[in-house]
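Student: One structure coming up, written as structure tokens, with questions to follow.
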Amino acid sequence: MAAGLAITSEGGQYNGRMTSFVALSCMMAAMGGVIFGYDIGVSGGVTSMDPFLKKFFPDVYRKMKEDTEISNYCKFDSQLLTSFTSSLYVAGLVASFFASSVTRAFGRKPSILLGGXVFLAXAALGGAAVNVYMLIFGRVLLGVGVGFANQAVPLYLSEMAPPRYRGAINNGFQFSVGIGALSANLINYGTEKIEGGWGWRISLAMAAVPAAILTFGALFLPETPNSLIQRSNDHERAKLMLQRVRGTTDVQAELDDLIKASIISRTIQHPFKNIMRRKYRPQLVMAVAIPFFQQVTGINVIAFYAPILFRTIGLEESASLLSSIVTGLVGSASTFISMLIVDKLGRRALFIFGGVQMFVAQIMVGSIMAAELGDHGGIGKGYAYIVLILICIYVAGFGWSWGPLGWLVPSEIFPLEIRSAGQSIVVAVSFLFTFVVAQTFLSMLCHFKSGIFFFFGGWVVVMTAFVHFLLPETKKVPIEKMDIVWRDHWFWKKIIGEEAAEENNKMEAA
């Protein structure tokens, strides 16, 4: 059963509709976002639970409870504690490069399946952990699972989606991340109240639920037409899949573009080497800059350490976990709004509006903490809740801009021949700087104090200017015709030069 409108775009015209088949397939694949979000949300919650700290990080617990001389900003400063959070991202960084080869050679579906299965094993290990080494090894396995899922799922969504709805469908990945984080916050809030001090085990083990859904569901996922054509000469099979995906038999124009892209793809033996060529310079810059900027918004500081941050400003354990639920709800709601408007307003407008909103909120939070929170004692409850409101405003700005668009834009800009390699670079850069931010934040909070918010606010100014000057609009442009936006851009057309134009002319003549 198909529903929707004909797909048209500035870059060309394809026939087709948004089908229930595509919607269900993308919903299942987007469970890869849920496992990622759950893991982001659960770590901050359990590290604020007293029984968890007493068992695995007794030095942190002692500083928090007994050492009255330690600054509010330094109570949680522990490299071992941050290693628990950040170890996942080192593993994910390494895994993403292996995932690139699997995704290119065997398809998007096997990478999603493998990611779900490894994540499932790690969730079991984390819930059963008896020492800190077992705990961190479980996090490493979770990182491998997330590395494979994050490499394959955004590609899957972009390739399955009609151009008209690609933004909304791909933003479903970030929406799923938000749902996962919110679920973790709700579970943390409930398990913290369990008597006996073992609630953290439930929090960690519950990650197995979305992982099991993803693993089982991946068995039934169809492969994308792009991947079928890239990996074989069976164009008839790809055509049948494309007809099913688009809900129409008239898919020849899109099929021809996929075949042309595949011909170029097969001439590329070393995609990581070829992505360095001048003709791919815009995509390479975006593959590095966008995930880097996404991390230095400071959002994962809120996601990882929100309960710790709220305890720093004087909220109790339950109140800090409840505050994390509030920010999670705001983030999920704003990402859902982004899904509805991204293909109407475009990517650039949301990036810029969200950047301004985040900057204002961060500066105000930093100012309040600088004025009201000293090294000892808390701040008034009134100010604490003002900080919470401002953080919600900041999270909302991220939720409809850099959150979903940080995954959407990189996944839609790469030509087929370097798409898998390009997405691996995106994931690796994201994990690298997530690791750096996660590993250094508690120390930075200790040394910068309230200045940490001004630090991240400065980066928001830089990234907003970057988008304004260097990112072209990509809404509704077919994914295999995306080279048009670079050839027409005032700056990038000077960079890619004649090489890209000549090769494009050859492809069109083929």
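Each Cβ is built from the backbone N, Cα and C atoms, and glycine gets one as well.
Okay, these came from Swiss-Prot:
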- 1-22: topological domain 'Cytoplasmic' (TOPO_DOM)
- 23-43: transmembrane segment (TRANSMEM)
- 83-103: transmembrane segment (TRANSMEM)
- 118-128: transmembrane segment (TRANSMEM)
- 140-160: transmembrane segment (TRANSMEM)
- 169-189: transmembrane segment (TRANSMEM)
- 202-222: transmembrane segment (TRANSMEM)
- 284-304: transmembrane segment (TRANSMEM)
- 325-345: transmembrane segment (TRANSMEM)
- 349-369: transmembrane segment (TRANSMEM)
- 382-402: transmembrane segment (TRANSMEM)
- 428-448: transmembrane segment (TRANSMEM)
- 451-471: transmembrane segment (TRANSMEM)
- 472-510: topological domain 'Cytoplasmic' (TOPO_DOM)
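Would you situate these features in the structure and describe their surroundings?
Tutor: Confidence annotation: the topological domain 'Cytoplasmic' (1-22) carries a mean pLDDT of 54 in the model.
Within the same chain, residues 39, 43-44, 47, 56-57, 110-111, 114-115, 132, 135-136, 139-148, 150-152, 155, 227, 271-272, 304, 420-421, 423-424, 427-428, 431-432, 434-435, 438-439 sit at least 6 positions outside the transmembrane segment (83-103) and bring their C-beta atoms closer than 8 Å to a C-beta of that stretch.
Away from its own ends, the transmembrane segment (169-189) comes close to residues 22, 26-27, 30-42, 45-46, 49, 153-154, 157-158, 160-161, 202-203, 206-207, 210, 303, 307, 318, 321-322, 324-325, 328-329, 331-332, 335-336, 338-339, 342, 399, 403-408, 411-412 of its chain (Cβ-Cβ under 8 Å, at least six residues beyond either end).
Same-chain residues lying 6+ beyond the ends of the transmembrane segment (202-222) with a Cβ under 8 Å from its Cβ atoms: 21, 25, 28-29, 31-32, 34-35, 38-39, 42, 45-46, 109, 112-113, 115-117, 119-120, 122-124, 126-129, 138, 142, 145, 149, 156, 180, 183-184, 187-188, 191, 194, 241, 244-245.
Long-range contacts of the transmembrane segment (451-471) within the same chain: residues 285-286, 289, 293, 296-298, 301, 347-348, 351-352, 355-356, 358-359, 362-363, 365-366, 369-370, 402, 409, 441, 444-445, 491-492, each at least 6 residues beyond the stretch ends and with a Cβ under 8 Å from a Cβ of the stretch.
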Student: Look over the recorded stretches 23-43, 118-128, 140-160, 284-304, 382-402 and say which has the most C-beta pairs under 8 A to the transmembrane segment (325-345).
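Tutor: Comparing 23-43, 118-128, 140-160, 284-304, 382-402: 382-402 has the most Cβ pairs near the transmembrane segment (325-345).
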Student: The transmembrane segment (349-369): which same-chain residues, six or more beyond its ends, come within Cβ distance under 8 Å?
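Tutor: Contacts of the transmembrane segment (349-369) (Cβ under 8 Å, skipping residues fewer than 6 from its ends): 297-298, 313, 338, 341-342, 379, 383, 386-387, 390-391, 393-394, 396-398, 400-402, 405, 449-454, 456-457, 460-461, 463-464, 467-468, 471.
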Student: In the same chain, who gets a Cβ under 8 Å from the transmembrane segment (140-160) while lying at least 6 residues past its ends?
Tutor: 22, 25-26, 29-30, 32-33, 35-36, 39, 87-96, 98-100, 102-103, 108-109, 111-112, 114-123, 125-126, 166, 169-170, 172-173, 207, 211, 214, 221, 224-227, 245, 407-408, 410-412, 419-420, 423-424, 427, 430-431, 479
